[in-house]
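Take a look at the structure set out below.
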Amino acid sequence: MENRWQVMIVWQVDRMKIRTWNSLVKHHMYVSKKAQGWFYRHHYESRHSRVSSEVHIPLGEARLVVRTYWGLHTGEKDWHLGHGVSIEWRLKRYSTQVDPDLADHLIHLHYFDCFSESAIRRAILGQIVRPRCEYQAGHNKVGSLQYLALKALVTPTRAKPPLPSVKKLTEDRWNKPQKTRGHRGSRTLNRH
C-alpha cells in the first residue's frame, strides 16, 4: 500500500494569537454563556499529535471546526514557528474548508445579537432598534447610506472581552509590507 497524501489549508499564525483565541472561546463558553453549544477539545483528547486544540461550533445541522496546530514546519521567516489554524465546515459526512471571513460570517448568522440592515426598516416603522452588534467581525461588506447614518446615530457599546473572531486569529501581522524611510525620514522606499 502506497502513502496517500491529503492536502488541507492551514493558516500560519502566531502562537500568542492561538492562546488569545482559546481563552476568548473558553470565556464565552463558561463565563458569558454567549457561545452556547460550543465544544472545546484539548490537545490530549485528539488522536493527532500536531493538533493543539479544536473548537466545534454548531451551525444548525452543520458545524464549524476550528483546529489549531503546533509543531508544523517553520515558514520562510524566522518568526514562523510552526503554529497554524485550519477551518472546516461539516455537514453529516461532507466536509469542506472555509476561509476566515466566511467562518466569521457563519458564526455571526447563528450566534450573537446584531444591529443590522433590518434596523433601518424597523426605525422607519417606529419600532425599537437594537443599538449594537456583538460580533462586528461577521460584517464583511460596506453598509448602505441609511445604515451608516443610523449606526452613527446609535453608538454601539463594546463587549468586554471581545468575541472570538476566526479572521483575527488568522491575520498575519508580519506579512504586511514594512514602511521604510529613506534619507531624512522621507517615504521613498517601498511606496505602494
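Even glycines carry a Cβ here, placed using N, Cα and C.
Model, not experiment: these values are computed from the prediction.
Sequence annotations record features per position, and here Swiss-Prot assigns phosphothreonine to Thr96, Thr155, Thr188. Positions annotated as Zn(2+) binding site by Swiss-Prot, on the basis of sequence analysis: His108, Cys114, Cys133, His139. The motif 'HCCH motif' annotation in Swiss-Prot covers 108-139. Per Swiss-Prot, the feature region 'SOCS box-like' maps to 151-180; the stated evidence is sequence analysis. Swiss-Prot lists 151-164 with the feature region 'Multimerization', giving sequence analysis as the kind of evidence. For 159-192, the entry in Swiss-Prot reads region 'Disordered'. Annotation comment: Swiss-Prot describes 176-192 as compositional bias 'Basic residues'.
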Just the number: how many Å between the Cα atoms of Thr96 (phosphothreonine) and His108 (Zn(2+) binding site)?
19
Among all the protein chains here, how many other CB atoms are within 10 A of the CB of Thr96 (phosphothreonine)?
8
Across the motif 'HCCH motif' (108-139), what does the pLDDT come to on average, as a whole number?
60
Taking the Cβ of His108 (Zn(2+) binding site) as the centre, count every other Cβ atom within 10 Å, in any protein chain shown.
21
